[in-house]
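Noted in TrEMBL for the protein shown:
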- G17, P18, T19, S20, A21, G22, K23, T24: ATP binding site (BINDING)
- T19, S20, A21, G22, K23, T24: substrate binding site (BINDING)
- 42-45: region 'Interaction with substrate tRNA' (REGION)
- 166-170: region 'Interaction with substrate tRNA' (REGION)
- 316-341: region 'Disordered' (REGION)
- T108: site 'Interaction with substrate tRNA' (SITE)
- R130: site 'Interaction with substrate tRNA' (SITE)
Amino acid sequence: MENDLGSAKGKAVLIAGPTSAGKTAVALRLARALGGWIVNADSVQVYADLALLSARPSAREQGAVPHRLFGTVDAATAFSAADWAAAAAEALAEADAAGAVPIFVGGTGLYFEALCDGLAPVPAIDPAVRSAVRDAMAARGPQALYDDLAREDPHAAATLAPGDSQRIARALEVVRSTGRPLSAWQGARTPGPLAGRPQVRAVLSLDRARLRDRIARRFEAMMAAGALDEVRALAARDLDPSLPAMKALGVPPLLDHVRGHLDRDTAVARAITQTRQYAKRQETWFRNRLASWPRLDAGDPAAAAAALARWFATADTPDARAADPDTAPAPSHPTQQEDRP
């Protein structure tokens, strides 16, 4: 179905949000309204082996509107952001050829950066260097490593806050592993698939207490649906534990349970705690790196989808840094729909 809302030729929709916020419910409503295709922007939902633990859209949901890049990669593959960007470009071209609106949905911030801004061609980091930097961060703290960075890569240090431990560590890893500062690699950045293309963007958010509760309820539902069987199948393959799929949320503690190192309740509690911590890190990342993207209340999927459709039709996404109170839907009471991750 070719959309006919506004001057929409070539326009794309980007929906980011933390795990369990309700992105699928919003995306499905929007895709039906716009004649859209949902393209996965989550680094775990790409794996075929993790349908349950990644909360991949159900077969019924995937049958309702076209979906792309869900469950297309084997767990034995270390699927990088560059790999995803290449696959996303192909999905984008396919949607364009079909006259469909591409709707990118997920919680992996780096994927959205790759889409909009491209990726720097930084070589793989030497594992020994990465380990040494991470150990130093734990032992000496971010301020000390920031001082190191100011000496080794002054340009990178000038762009970072002294407390930004993750990005300080990354910049140090790059300069120590490659011998070139991060800025030199970033100067060779290639344009992203959406470069120069009109976009409608939003970050879905949810009250912290409700998000924490939803994470717990969703994980228990995963367990009831057979998440342990997924993990048993992974364990039987004896894959490298450093692979992304083997480190996905929920997998390590459930592997420990399957191997007899943890009881079920402890494994589940640990997985829920780790997922909540990850959601908090996602929210921090979105707040810092997607500061201009407007926020929509994920507790009301219909209102959030309606706001996105309205922005799509008018060709303008509000800038969150100059928020218009009339553009964002007001929080609503919980509904049955909100329980869909």
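For all residues, glycine too, the Cβ spot is worked out from N, Cα and C.
Because TrEMBL annotations are produced automatically, they should be read as predictions rather than curated entries.
When DSSP labels each residue, the region 'Interaction with substrate tRNA' (42-45) comes out as 0 helix, 0 strand, 4 coil, counted as helix, strand and coil in that order. Within the same chain, residues 133-134, 137, 142, 145-146, 149, 157, 160, 182 sit at least 6 positions outside the region 'Interaction with substrate tRNA' (166-170) and bring their C-beta atoms closer than 8 Å to a C-beta of that stretch. Counting in whole angstrom, R130 (site 'Interaction with substrate tRNA') lies 33 from K23 (ATP binding site) by their C-alpha atoms.
Rounded to the nearest whole angstrom, the C-alpha distance between G22 (ATP binding site) and T108 (site 'Interaction with substrate tRNA') is 15.
Rounded to a whole number, the C-alpha distance linking K23 (ATP binding site) with T108 (site 'Interaction with substrate tRNA') is 12 angstrom. Considering other CB atoms within 10 Å as the measure, the emptiest surroundings among the recorded positions K23, R130 are those of R130.
Residue density at P18 (ATP binding site): 26 other Cβ atoms are found within 10 A of its Cβ, drawing on all protein chains shown.
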